[in-house]
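In what follows, a single structure is set out as structure tokens and then discussed.
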Amino acid sequence: MAEGGDNNSVYQLAAETASLEEQLQGWGEVILMTDKVLRWERAWFPLALMSVVSFSFLMIYYLDPSVLSGVSCFVMFLCLADYLVPALAPRIFGSNKWTTEQQQRFHEICSNLVKSRRRLVGWWKRLFTLKEEKPKMYFMTMLFSLAVVAWIGQQVHNLFLTYLIVSFLLLFPGLNQHGIITKYVGMAKREINKLLKHKEKKNE
């Protein structure tokens, strides 16, 4: 029974991936180029990435648009990109000349996006399951988490906080690809284990 469920899940994942590939086909070359930048395939990519992000946030700080103006400009930019990129990308990049390696990488990216979407939906469902099964824990956890977020938002300027979050999210794939996150997480675990062992010896 479990095997049948696993097979259905695999087929569903493959179908969702194929559907997403079809939807993003016009963005293929742009997605592959963005993937290279985010994974730091060249040494100067992180610097270029942070320069663009910093310049963008400096412009927002300088222009100081209202929330409505900012949202309108952002959505307008997305609409223009959605219209122009599929039309111009084949002429600029020549998407009809994809190699097998590029097609495989595009498939992997789409598959990872589908898996990420599934994880988000899974976390959302677990949150509501917690609300139904353990309402007190749910409300205490939500209140504490939101209070911490509100306190951080009060201490740090909202634009600077957004800049830090966006920078981290854009740098994360490269940090992960080059093993930097794994390295520092491992170091942190070792330090915590040392502290715990030291505490146990003291207690003895």
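Using the three backbone atoms N, Cα and C, a Cβ is placed for every residue, glycine included.
Copied over from TrEMBL:
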DOMAIN    27-184  domain 'RETREG1-3/ARL6IP-like N-terminal reticulon-homology'
TRANSMEM  43-63  transmembrane segment
TRANSMEM  69-89  transmembrane segment
TRANSMEM  137-154  transmembrane segment
TRANSMEM  160-181  transmembrane segment
Close approaches to the transmembrane segment (137-154) from elsewhere in its chain (Cβ under 8 angstroms; 6 or more beyond its ends): 127, 130-131, 161
Per-residue pLDDT averaged over the domain 'RETREG1-3/ARL6IP-like N-terminal reticulon-homology' (27-184), given as an integer: 89
Cβ contacts under 8 Å made by the transmembrane segment (160-181) with residues that lie 6+ beyond its boundaries: 38-40, 45-46, 49-50, 53-54, 57, 152-153
Sequence-remote partners of the transmembrane segment (43-63) [C-beta within less than 8 Å, at least six residues beyond its ends]: 36-37, 70, 159, 162-163, 166-167, 170-171, 174
